[in-house]
């Protein structure tokens, strides 16, 4: 993520600056140091001892990493960091990075409460008893009913984790459901307090004081909780995706965010403890893989057979706004479900608009009241920022507030404090048609950009605009699904599980209409929805998978113009030479295709499919492509005589003559199918100038 930079003007008083230079040079911060693991001299009993010898004092050493990373995190000044960079045993020294968090009906919506498919969900639940999901987040609230362990057998004997004690957390709070709880705060404490040894600003324990970690853990594997609701809405039984899987919580995020040094320590420990799935709903944008803390740790996890699921982030709708994009990670974006929390706005011109809200207090009645919106441009009152609304302007009115800058619920508080009786929270271009139902402090309706623009225009053009609002009357997931797939197919690799989830996803909603993009409400495409929306029962029985070995990933990395040292940073093998490379990174045996027509008209990729269905299965190929591309697949039929057999095919993409005058993207698909299965890969075509 971007770091703050403070520029000192040359016109500043030189005499004032000079005394500060020696102080600032000695200021310490956290660095992550990548070491040549194999270079440890035999005179040191452990790598920890060796790393300590590199520093002036053992107190400077915050973490020693052995699994997710080869190296350590330490509190260093800039001179110490530069000195380490000059060491022959050091591959790299990097400043700590701050990452941010990403944030009852879903199991039923995903078909996990039905028994109509070939896989019985109850049978899978029983099988998932032995699957352990490690959640790296803000910790856990162990008293939540989602972590009730009733009916669960004993903890798997291979589990090596533990529940640590803290001022507000007792190890006895863990049970056969919540089997581990740890916290990692040295990076946070170093950054926020100016030194690891000082008293932290937050209680250091595994307890979740934010709610995000408890939410993600219970979404993945929460036990069934009857009579659950949200402010009286959506009443029913709340449960996680893999409701009988075990949960281990690793608190790596604090009030200011999640520091890379703490994340690495959590991943390192989780791998050592014996988790089967790692779930991280956090990230910090895209970076080269050798500088991406999560990607580096995830590589080792996948090498050890651990499935790693990470959120795509809350940025967008602009392009290239994803986080956690390494191909060995399951990158998951948020979608919508078939349940809404509608709220309504009736304007004085008789237009009736539907939005969303979770306001559960008294309504504003049926009498229309004045509707106001600041007619200035980009003023604080447009956004309903704190202190921006004059009581004379808002008193007794419904106020239109632009979404953005400050919290959505805070905007309602600003309106209420200024005497307003209701709020219409209207999206701008930055949020498009994405709607979030919030528990507001006064009657409020959130609407998308298009409706918001119509309401703004009504307020501007009508001499006496009015409105009446009425409250709703109707009533993290992939990690848990991966646990179910691992329970059903313990022999599958993480890449096989990822392939099954991707190639069985769907791209049409429950009205058989193409998925829509929240950015503008138009039809979506693979740049926005990826492979599509997950369909668990089909993923459990995908027919074919695109499997990828660790050696394949190394060959892929060697094809990215990284130095050998940079590749070694990720794969942690000293004998990597990159003597073998792919002719194009797109040759990785990935379940999708990215075809770039830059200075060439022909792109040819080869893929290998593994039969995980019945022996004797036969598949035929169907191609979807834009009119400006010819696609040829050889062979067009694949015959698998046995289970586990692999078959190879080659796709040739040919751009027709006459390149587009401007850069553009188009889309298609490669589908291998028979009567039982459809194995679909999206294809993205791009033309550049």
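Along the chain as shown, the residues are counted starting at 1.
Yeah, the Cβs are placed from backbone N, Cα and C, and that goes for glycine too.
What TrEMBL says about this protein:
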- 137: active site, charge relay system (ACT_SITE)
- 212: active site, charge relay system (ACT_SITE)
- 472: active site, charge relay system (ACT_SITE)
- 199-213: compositional bias 'Basic and acidic residues' (COMPBIAS)
- 30-102: domain 'Inhibitor I9' (DOMAIN)
- 129-511: domain 'Peptidase S8/S53' (DOMAIN)
- 380-454: domain 'PA' (DOMAIN)
- 587-684: domain 'Subtilisin-like protease fibronectin type-III' (DOMAIN)
- 192-220: region 'Disordered' (REGION)
- 1-27: signal peptide (SIGNAL)
All-chain count of other Cβ atoms within 10 Å of residue 137 (active site, charge relay system): 28
Residue 137 (active site, charge relay system) to residue 212 (active site, charge relay system) - Cα separation in whole Å: 7
Reported mean pLDDT - the domain 'Peptidase S8/S53' (129-511): 77
Cβ-Cβ neighbours of residue 212 (active site, charge relay system) (radius 10 Å): 18
Summary of DSSP states over the domain 'Subtilisin-like protease fibronectin type-III' (587-684), given as helix, strand and coil counts: 1 helix, 60 strand, 37 coil
Three-state composition of the domain 'Inhibitor I9' (30-102), taking helix and strand from DSSP: 21 helix, 27 strand, 25 coil
